[in-house]
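Q: Provided herewith is a single structure, encoded as structure tokens, for subsequent inquiry.
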Amino acid sequence: MPLSFTQPCSSGALLLLVVSNLLLWENVACLPLSSNDTDDDPLSIKGLLDHAMILSKNITDLNMELRRIFTISEMSAKLIDKFLSSSSSSDSYDQFMLEFLGQQELLTKNLTYCHKYSIKVPEDIEEAQNVISLEDFPILILSRMQAWNETLKNRINLSEGTPGIDDDILPIYKNIETKIAELLEDSKSILSQAYGATENVADYTLWSGLEDLQSSDEETRFLALCKLSYCLHVDIHTANFYLQFLRCVALVNSDSCLSSKTGNDS
């Protein structure tokens, strides 16, 4: 029985709502880009967006490798046995899962470790219509990369300061940190080319689970690592969606990006 963080992320449903909202936009201004920005120059808007999407894919793959390691670990097996032994029967287990998956409050509680942003992924179409504008998309990406750039530096410093702890996964975190830093620079360049702005965006709270990563309790530390991986999955999934839409608007046209075909392909 796999752990829950190996299952599809609930943020996918939220992103579908964003797509639905995009289909409702009737008048969307294109990004202020020149017609010469569609060549193979890596510093053009096309080159930056293509490179950013490659980085996003690489980060996703590395994070999936972390989750694979967590899933097959001894601690994962111990937690599964502990949970199953606490259930009096399979019926009670099934009932628990139904209740858990059906309670938005419980799902929200499990995400309290994740970064908080002033502009968040909408929870419904009505909220989406009132929250997101095209100009916000590069800022939404930038804020997430800034948050993770800081978080991963702190996470790596903790591991390096405690030899023998998480040595097997530290190289993966360092690789992710490098690619996050690259994606952060790409995001700044995209924002600069699109709107002439390059400043940092103070739009996030620090990840609140660092203390648990320092815990002497192995179970607490393991669960904190799982939550860190899940939060990264949510934000990279969100950033990748925004990159795809920005690329479509910048290199194709607004009408095509907002067509029903684009929505279905997403």
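The backbone N, Cα and C atoms fix where each Cβ goes, glycine too.
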Q: Between C30, C114, C257, which residue forms the disulfide that Swiss-Prot gives for C231?
A: C114
Q: Quick check for you: of the recorded positions N58, C114, N149, N157, C231, which have their Cα within 10 Å of the Cα of C248 (disulfide bond)?
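A: Cα within 10 Å of C248 (disulfide bond): none.
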Q: Starting from N157 (N-linked glycosylation site), work out which of the recorded positions listed here (N58, C114, N149, C231) have their Cα within 10 Å, and give them in sequence order.
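A: Of N58, C114, N149, C231, within range: none.
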Q: Pop the Cα-Cα gap between C231 (disulfide bond) and N58 (N-linked glycosylation site) into the table, whole Å please.
A: 16
Q: Let me check the 10 A CB neighbour count of C114 (disulfide bond). How many other CB atoms are there?
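A: For C114 (disulfide bond), the 10 Å Cβ neighbour count is 21.
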Q: Have a look at the glycosylation sites (N58, N149, N157) and report the one with the fewest Cβ neighbours inside 10 Å.
A: N157
